[in-house]
Amino acid sequence: MTAEIAKFGHIALITPNLEKSVWFFRDIVGLEEVDRQGDTIFLRAWGDWEHHTLSLTPGNRARVDHIAWRTKRPEDVETFAEQLKAKGTEVQWIEPGEEKGQGKAIRFRLPNGYPFEIYYDVEKPKAPEGKKSRLKNNVYRPSYGIAPRRIDHVNVWTTNPSEIHQWLKDNMGFKMREYIRLNNGFVAGGWMSVTPLVHDIGVMVDPKGQPNRLHHFAYYLDNVTDILRAADILREHDITIEMGGPGRHGISQAFFLYVKDPGSGHRLELFSGGYLIFDPDWEPIEWQEHELQEGLIWYGPEMKPGGPMDDTTEC
């Protein structure tokens, strides 16, 4: 049976100012602190069932420790390990409990250096009394901060996106949903998923020529009014909203608001809307160079090439 990826699981970040990063993600964004292991703090949104969807660890510079994907079956982890090794990829085994709340996993790097993790076994702790939702199909009751529902996607940049698109398709079963093709034929970005979401991962070209960078990761809010409320909360705490405010992407049809963690500089997208794909024979949507601006910004603040939105952090 072919090994399959089920979903985007979590992202593990290194931050040079752990205290400020925890303040931002826990107290302002409204993620729940679930657990601690040494200096690492594990968090999740009120609708996330798995042990954590974000971990924060102190370090001397901001970088991504790993981007994690959950498989559909327990045996898929071993199968992925064997397939990757057969193709010459170095695979590191992570023992149960080495990452709090998680079973046996593998870590490896893509050809351009992205650090990935694949796992299946994971704890799903219940919310403590006093935070538990009265709705049996929720984990926590949303009670403070921006309070996104769940983790959504990750967006990474590299020098040649097409190579990574093909690698993800061939090795992990991702499907292309939308992409940008320039006049010279170069594919500048692609939005891919293994779920019905319009994207679980976006891979785009880095205009600075860096091979393995994190542009942002995203948490999902239920509706656009939550995005507007998030903007108010950020401004009340004197946190800069990138590009000056929220807007809507043409690609993915999603509403967005971008903000950097003041402790690390890692960029967070607060994301709402989008669309789901159920067609097994989906034809990827091509955006051409003359349509690029509408694809990136359907309406809202202008995203200027060479501006602050080109900033990324290390993978």
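Just so it is clear, glycine is given a Cβ too, placed from its N, Cα and C backbone atoms.
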From HIS52, HIS66, HIS215, HIS216, the one annotated by Swiss-Prot with HIS153, GLU269 for Mn(2+): HIS216
Relative to the Cβ position of HIS216 (Mn(2+) binding site), how many further Cβ atoms are located within 10 Å? 23
The correct DSSP tally for the domain 'VOC 2' (150-273) reads 31 helix, 54 strand, 39 coil
If you run through the domain 'VOC 1' (7-121) with DSSP, how many residues end up as helix, strand and coil? 23 helix, 50 strand, 42 coil
Cβ within 8 angstroms of the Cβ centroid of HIS153, HIS216, GLU269: which residues besides those meet this for the Mn(2+) site? ASP152, VAL154, ASN155, GLY202, HIS215, PHE217, ALA218, ARG267, LEU268, PHE271
Of HIS153, GLU269, which of the binding-site residues has the most Cβ neighbours inside 10 Å? HIS153
